[in-house]
Amino acid sequence: MSKTLESPRNHQTLKIIKSAITSRLLLLSLILLWRTLIDPYDTSSPLDPNCLSTDHQQQERHVIQFPRIGSAIEDSIVWDSVYFVRIAQCGYEYEQTYAFLPLLPACVVLLSRTVLVPLVSVIGHRAVLALAGYLVNNVAFVLAAVYFYRVSVIILKDPEAAFQASILFCFNPASIFYSSIYTESLYALLSLGGLYYLISGASNVAVLWFALSGCARSNGVLNAGYLCFQTMHQAYDAVFLQKRAHLAVKVLIVGALRCICIFIPFIAYQAYGYYNICHGHSLDEMRPWCKAKIPLLYSYIQSHYWGVGFLRYFQLKQLPNFLLASPILSLAVCSVLHYVRSQPEIFFSLGFRASNGEKRPTASPLSLDRVPESNSSHLKEKSSAKMQDKYTVRQRKQRIKGDNYVLLDEYDSLEKPRYLSTFIVPCTLHLLFMAATAFFVMHVQPVLLSIGLHHTY
């Protein structure tokens with residue numbers, strides 16, 4: 001039975017991989033076409049001064065066999081790509097470069113020094129770094145599309161709808177950023193992969209993926225919210241259903257440790273910046289953020305160099321950019337409102353109350369374990385809500401024995417579409433937070449990147 005179910009799913013996964021690759025080839029072709037027809041708006045690609053560190057300056061002493069090809073590749077290094085390639089080439093040299101987290105540059109360096117190292121003498125070191133960046137991001141995007149499909153199948157319970165959603169993901173409006181030397185592809189892969197492993201019961205694997213997402217983008221730390229939601233429901237089960245306070249304490253400690261693990265990479269990166277910029281300087285020589293009670297480098301850079309802050313982007317001249325971002329913002333708001341109106345009790349109680357206003361009697365929203373088939377059919381045949389409640393509580397108590405809780409609700413899966421289930425509460429809160437932050441705090445141009453992915457899942 002499982003093989004017959006897996007075969008169509010594997011076939012759909014193959015189709016997703018083909019669609020993702022096709023979308024990348026189509027996009028790269030369009031990029032090449034438009035670059036030949038129109039001069040790029042950003043002209044920073046030729047900027048390539050010598051590295052400040054002498055350790056990095058020795059890498060570009062080669063006779064390049066095909067300088068024109070290398071030059072063409074280097075011309076595509078624009079906007080934020082300039083920073084990522086520069087960090088991979090020279091390390092973190094200036095204060096503002098610490099706004100760009102290290103996972104992508106690290107992957108670029110690793111690939112350029114291993115698989116692509118023979119190309120250094122062919123097209124040049126900087127071109128190889130750029131090529132490595134394109135390769136990393138496009139491969140990451142294809143894998144992200146696969147995990148997007150897997151998560152969608154679980155949430156929608158409809159492989160065809162999941163396939164259609166995945167195709168939309170492959171051809172989304174912000175697709176160009178997933179194939180450029182940006183962090184969107186890596187972040188999407190690690191966030192979707194972490195979410196998939198979390199709802200599949202592999203919580204420790206999910207923690208690793210979420211922690212790595214925080215090495216790609218700063219908002220990766222928000223993925224700890226899924227672990228917090230999981231921990232809250234585990235503790236609820238332990239206290240009110242199992243009547244075991246000591247188990248609740250264990251659950252809270254494990255949940256806190258997992259959340260800390262997700263935060264550690266970002267905190268370590270801030271400490272690394274503090275050590276490089278502030279350590280060993282007198283108070284008079286220190287940068288302003290170094291003297292703060294909590295010396296957070298990232299927020300200072302965003303505010304000082306990019307003008308990010310609450311309502312700081314609300315200027316009349318930025319109205320066209322707000323209009324540009326309005327479609328995705330509208331979709332995000334409508335998605336949140338749809339869920340809140342459909343399941344107000346579940347949303348406002350964070351899943352602790354059912355849609356009929358009663359206390360949540362369901363099988364654990366933290367378990368994907370299936371109700372045995374005979375019991376499941378028996379449950380469906382019961383017309384009495386009281387009998388159903390007793391059954392689901394009993395099943396919940398039977399299944400809460402291990403530590404592998406996840407976010408899906410067995411009761412929800414029987415009674416309503418899973419995209420309206422308790423599991424969607426943390427996803428909706430995540431989307432709402434990112435939409436509000438993008439609108440009120442960030443530059444509104446990256447809204448497609450910041451909330452587009454969260455809207456899709």
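Cβ coordinates are placed from backbone N, Cα and C, and glycine is handled just like the others.
TrEMBL: automatically predicted annotations, no manual curation.
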Stretch carrying transmembrane segment according to TrEMBL (options 21-38, 165-182): 21-38
Distal contacts, the transmembrane segment (21-38) - CB-CB under 8 A, six or more residues away: 75-76, 138, 141-142, 170-171, 175-176, 179
Intrachain neighbours beyond the transmembrane segment (127-149), with Cβ under 8 angstroms and 6 or more residues off its ends: 12-13, 16-17, 19-21, 24, 69-71, 73-74, 76-77, 81, 84-85, 88-89, 104, 107-109, 111-112, 116-117, 119-120, 162-163, 165-166, 169-170, 178-182, 184-186, 188-189, 192-193, 195-196, 456-457
